[in-house]
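Pulled from TrEMBL, these are the features on record:
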BINDING   GLY11, PRO12, ALA13, ALA14, ALA15, GLY16, LYS17, GLY18, THR19  ATP binding site
DOMAIN    7-211  domain 'Cytidylate kinase'
Amino acid sequence: MQHPFIIAIDGPAAAGKGTLARRLAAHFDFAYLDTGGLYRAVALSLLLDGKDPDDGDAAMAAAADLDTRLLDAPRLRDEATGAAASKVAAIPQVRSNLLEFQRNFASHPPGGKQGAVLDGRDIGTKICPEAPLKLYVTASAEERARRRTAELRDRGLRPDYADILSDVKARDARDMGRNDAPLRPADDAHLLDTTDLDIDAVFFRAVELVKEKLPPQ
Ligand code: CDP
Ligand code: CDP
């Protein structure tokens, strides 16, 4: 089999990475991995045990022995879990414990698929630097906070926009400021600023970019 075709999608919180990644995976029949879910699962396991997300030893242990059942836990998508995830994600040993799983998914996509879409913060720079297509999806912090607020409302929660905005900004600062695999666009990434673009517009642009890079059948 040819090498799987990898689409690497990175960007800050609530930029629309997951929505785009899921749609591209369905369109091209590729496998999809939400790598943020792995960091969220590590963080949630600490929160459920009443531990502090800054507790490095506990975070390393949870990452070394990831409880994959937590990937389906209702609290995985909570803002508190996202905030805790960005704390455990700054610990180098946590990152290295999750590296192999992600690389293995990319090199052997489940279901024998011909390609894989991975979204996160360091896919283009660290996990799959050889990916033929890298997208850096972003939007203003205000627009991202608006989207996340609407999403939480749709889940029946009562989020406060100002709280979400400050959470988004704090997470950006932690993710961009850490020493190990900080969030930044890879040198060869395509930047997609989605502040004024709806989901369809982003998807159609990305499909064009994929088609330019896909090897001829
Ligand atoms: O994965 P990430 O955190 O980057 O974002 P997401 O979960 O894909 O998107 C966050 C929210 O923004 C979802 O509710 C999307 O439907 C919405 N969204 C949007 O309104 N416009 C876009 N261009 C992209 C996403
Ligand atoms: O969906 P959203 O963009 O809010 O966050 P996420 O993709 O679920 O990621 C949660 C946190 O995990 C991020 O704020 C990052 O700190 C961390 N993360 C990371 O460090 N590296 C990745 N490849 C994916 C996520």
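First residue shown is number 1, and so on along the chain.
Each Cβ is built from the backbone N, Cα and C atoms, and glycine gets one as well.
Owing to the predicted nature of the structure, the values given are computational and were not obtained by experimental measurement.
Checking the binding-site residues GLY11, ALA13, ALA15, THR19 against ligand 2 with a 6 Å cutoff on the Cβ atom leaves ALA13, in sequence order. Cβ atoms within 8 Å of the centroid of the Cβ atoms of GLY11, PRO12, ALA13, ALA14, ALA15, GLY16, LYS17, GLY18, THR19 (the ATP site) belong to the same-chain residues ASP119, VAL137, THR138, ALA139, ARG144, site residues excluded.
Averaged across the domain 'Cytidylate kinase' (7-211), the predicted model reaches a pLDDT of 97.
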